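**Q** Take this structure first; my questions come after.
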Amino acid sequence: MRSRSRSRSRQRERRRSDSRARSRSERRTYQKPQHRRSVSRERKRERDRELHRERTSNRSSRRSREKDAVPRRRRTRSSPSRSSSSSSSDRSSSSRSPSRSRKSRPKSVERWPNDRYHENNDRRQNPFRGRAPEGSFINDPAEPSFRSQHRGRGSSNHQFKGDSKAVNARRNQRVLIGEEGVPEVWGKSPSRPETDDVELVKGSYIGPKKKKKKGKRKHKKSEKKSKKKSKKSKKKKSKQESSSSSSSSSSEDSSDESSSSSSSSSSDSEDESEEEDVWLEKTADGIKKPKKKKSSTSKKDKKSKKKKKKRKSEAEKSKKSSSSSASKSKNKESASHNDEDVGPSLRPGGSLNQKDFGKALLPGEGAAMAAYIAEGKRIPRRGEIGLTSDEIANFESVGYVMSGSRHRRMEAVRIRKENQLYSADEKRALAMFSKEERQKRENKILSQFKDMIHSKLQAKDKK
């Protein structure tokens, strides 16, 4: 970076010297003689000295800016424009205002008024030009940035010499924070109560959450049961009150015997309704009509009792008939289930085609299959080679199955090969039979051939 900046500064100096020579020649040719006379050699020397000092100050300011700036491309592009503008401003200022203070900075070329070039390029104020806002931790004096260290190569340390007290204070503050913490920002975690009574064994630990849930569930169930019981007790009390009121009214009207019978019947009906199913209770409730004030005559009481008895008998009959019909239907269903075979129905017309049969027996297969049959074991299929028959049977009992089409073809081959097997005696008998048949055929052919030759010889002799 230093070599680049030096080369650029040399190029700028050359340009400036060229521009000075041109400006002097132009002044000599185009400027008026009055102006030439006013400018003396001493003033020229002063201007040269001022220019030299301004150049040195500009270089130092540029270097400090380059250290602060993050994006390199923008800096490299904007630096020549700045240098050119500063050089032109130097010329204009040197030509126009010779009496200027040495420390005053030269003004740049006037730009378009709405152009915010300088505002955007002021890197110390703009956080988006590589410099973070002043309050952030990036500009912390205790944390010098990597780029400033890298570019300065030790020269950036002079920035923090004045702030050494602040840096030390910040360091001490960090140490305190690390030791004590910040309770205002991050509170301490709650201390766990030490339980010495519980001794945990490996694999026997059950989380406390599950126990809590179970306890909650039990508590809820007990609450629900208690609520249900309270509701039932309330209902019973209300029914008893109604029955007592009805019995008292009937006792006032009717005789003592009739009142006792009505109260007993009402209590019996309540017990029956509680024992019976829900739908019977509903029917009984539906049958009951809204209570009206009974007349003083005993005839109406007797009629109402008779009606109640009839309705009870009808309800009992309907219940019995429904239960009998349900039991009959259940018996029918069980009988039908017993008659039908459980499981998938067999395919109708599952005749075997030529595709289902394999090829003929290979040499040695017949003998092997005969040995399996003699031992009473199942014959393995070609897809099961490498496994013993016991292993295959175990696999099939567990549930391992071949693919359907392969299974069908293998079964067909197995059946055909089992049918092809013969015992040793049968083989001998077959061999003898085939030999006899062959000899008969051969003898027949030979006799026919002999007869033909004999007939031909006799025909020649006759001639």
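Glycine is treated like the rest: Cβ placed from N, Cα and C.
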**Q** Which residue from Ser136, Ser345, Ser351 is recorded in Swiss-Prot as phosphoserine?
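**A** Going through Ser136, Ser345, Ser351 one by one, Swiss-Prot annotates Ser136 as phosphoserine.
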**Q** Based on what Swiss-Prot says, identify which of Thr195, Thr283, Thr388 is the phosphothreonine one.
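**A** The candidate carrying the phosphothreonine note in Swiss-Prot is Thr195.
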**Q** Pick from Ser19, Ser23, Ser191: which does Swiss-Prot describe as phosphoserine?
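**A** According to Swiss-Prot, the phosphoserine annotation belongs to Ser191.
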**Q** For Ser191 (phosphoserine), name the DSSP secondary structure in the helix/strand/coil scheme.
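**A** It is coil.
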**Q** Going along the chain, which residues six or more apart from Ser191 (phosphoserine) have their CB under 8 A from its CB?
**A** none
